[in-house]
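Copied from TrEMBL, the annotated features are:
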DOMAIN    17-209  domain 'Fructose-1-6-bisphosphatase class I N-terminal'
BINDING   GLU107, ASP129, LEU131  Mg(2+) 1 binding site
BINDING   ASP129, ASP132, GLU296  Mg(2+) 2 binding site
BINDING   ASP132, GLY133, SER134, SER135, ASN224, LYS290  substrate binding site
DOMAIN    214-343  domain 'Fructose-1-6-bisphosphatase class 1 C-terminal'
Amino acid sequence: MTAPATPGPAGSTTSCSLTRFLIEEQRAGRVGPDLRLLIEVVARACKSISIAVGKGALGGVLGDAGTPGAASVNIQGEAQKKLDVIANDVLLEANAWGGHLAGLASEEMDHSMPIPDVYPRGNYLLLFDPLDGSSNIDVNISVGTIFSVLRCPEGVTTPGDEHFLQPGTAQVAAGYCTYGPNTTLVLTVGHGTHAFTLDREIGSFMLTTRGMRIPEETREFAVNMSNQRHWQPPMQAYIADLLAGTTGPRGKDFNMRWVASMVADVHRILTRGGIFSYPLDAKCEAKGGKLRLMYEANPMSFLVEQAGGAASTGRARMMEVQPSGLHQRVPVFLGSRAEVEAAVGYHLEHDRAAAAAVG
Ligand SMILES: O=P(O)(O)OC[C@H]1O[C@](O)(COP(=O)(O)O)[C@@H](O)[C@@H]1O
Ligand SMILES: [Mg+2]
Ligand SMILES: [Mg+2]
């Protein structure tokens, strides 16, 4: 028997619920039943986080976690917001009982957590950034949740950090949920990237774009320009040429946007194209970069590649980086394919010239 087609061709906005979409993906053999249910659990948790975020000042959820004078700090050394902690707790609680995980790991937790055997257990590993862009939450600018799903290695029942250290190419699903003017879940299970908007009246995520496609070319870049003087030479050269516009070697003018919530910047790029970059700079060089490989760069790279874009460290394909730590940081360039290739070209050219000068 052939599986019924999921409504709508690529790029269409024919709507169905996330639940129906996933059931039809399962019938078509593109997702297994456990992964389908795991994604449903994550989506339900995102709905709860969306409600918490939406309460704002009325709900007492804004501001720093901890007590005055003793703000709580995560493993990254970053002050936690109340909503960082709330979102983390929502995802932990929902997924611990979900029955499809062997372990989970979060930006807000020092180490991964195997699912204790009092809970139902499964074969997947879930990593998440519970609240991305949390410095924006107190000023009512979009924030989000980012997640990545890996398989637990065969024979491992109590996974430790080392079992999560798989390259991005091993991801079986990835997504983010952006809490902005509307709440949108963007998902891939390796067969395209699809967007679902939360219908608050019926409480369901509805398919609003099947098969998102990132335009190959762009005239828009996203970077924190205040770091310019700290960048390395290839990044200095790349951005200088973008800023030169029609008077420079690129021969066209570029616009710039920077929300400082990766979810919001990536959502714009998935929607209308662009390049997102957080390069190495003198401030973050010792740590390897600013953004985290396992629960920021890799899931976003999977989504972007599935939408026809590209993702790189500037020197290598992001999803082929072999991770060495749960909270490892990396430089990031992702978005419109031709523009990412242009940025990578500046880095490779610089490295060739440097090697030739030494040799
Ligand atoms: O403030 P900066 O240096 O521009 O950094 C912004 C970046 O930091 C992040 O906010 C980090 O995410 P968290 O809020 O999860 O720590 C990214 O979302 C964003 O791209
Ligand atoms: Mg983040
Ligand atoms: Mg975060």
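Glycine too: its Cβ is placed from the backbone N, Cα and C atoms.
Remember, predicted model here, so these are calculated numbers, not experimental data.
Its own atom aside, the Cβ of GLU107 (Mg(2+) 1 binding site) has 26 Cβ atoms within 10 angstroms in the protein chains shown. Around ASP132 (Mg(2+) 2 binding site), the C-beta neighbours below 8 angstroms that are at least 6 residues distant in the chain are VAL143, GLY144, THR145, ILE146, TYR176, SER261, MET262, VAL263, GLU296. Of all Cβ atoms in the protein chains displayed, 24 besides its own lie within 10 Å of the Cβ of SER134 (substrate binding site). For ligand 3, the neighbouring binding-site residues among GLU107, ASP132, GLY133, ASN224 are GLU107, ASP132, by Cβ distance under 6 Å. Secondary structure from DSSP puts ASP132 (Mg(2+) 2 binding site) in a beta strand.
Note: the CA-CA distance between LEU131 (Mg(2+) 1 binding site) and LYS290 (substrate binding site) rounds to 16 Å. With a cut-off of 6 Å between Cβ and the nearest atom of ligand 2, the binding-site residues LEU131, SER134, SER135, ASN224, LYS290, GLU296 reduce to GLU296.
When the Cα atoms are compared, ASP129 (Mg(2+) 1 binding site) and LYS290 (substrate binding site) turn out to be 14 Å apart.
Rounded to a whole number, the distance between the Cα atoms of GLU107 (Mg(2+) 1 binding site) and SER134 (substrate binding site) is 12 Å. Across the structure, ASN224 (substrate binding site) and GLU107 (Mg(2+) 1 binding site) place their CA atoms 22 angstrom apart.
In this structure, the CA atom of LYS290 (substrate binding site) is 13 Å away from the CA atom of GLU107 (Mg(2+) 1 binding site). GLY133 (substrate binding site) and GLU107 (Mg(2+) 1 binding site) have their C-alpha atoms 12 Å apart, to the nearest angstrom.
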